[in-house]
């Protein structure tokens with residue numbers, strides 16, 4: 001897996017975590033049945049929509065991801081993938097703040113730090 005793809009994925013997880021007080025979308029997918037079982041015993045039902053989750057982070061549900069995209073998870077069924085476009089490393093909006101690693105500087109995502 002390319003470094004750029006890995007960093008984009010980490011940025012998406014951080015972005016989602018900051019906008020929600022609960023765990024990341026990927027953790028919810030892994031622990032969904034655990035939460036549903038607990039909720040049912042309390043009389044509440046939790047619905048996890050993979051399609052809505054995919055589109056919430058800018059992904060698209062498709063049968064096959066393009067070369068410029070990477071697959072995060074499947075959508076409604078295992079043959080439909082959540083495809084997210086790779087970030088452009090020359091766009092400053094795609095840079096990650098170094099304060100996430102202890103400083104206040106910015107660096108391009110594809111550089112080694």
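Cβ atoms here come from the backbone N, Cα and C positions, even for glycine.
If you look up Swiss-Prot, you'll see 54-82 (among others) marked as disulfide bond. Cβ-based neighbour count (10 Å, all protein chains) for residue 82 (disulfide bond) stands at 23.
The annotation disulfide bond is assigned in Swiss-Prot to 61-75 (among others). In the three-state DSSP classification, residue 75 (disulfide bond) falls within coil.
Sequence annotations record features per position, and here Swiss-Prot assigns disulfide bond to 65-83 (among others) based on similarity to another entry. Look at residue 83 (disulfide bond): DSSP puts it in a strand.
For the disulfide-bonded residues 75, 83, the ranking by surrounding Cβ atoms (within 10 Å, all protein chains) places 75 first.
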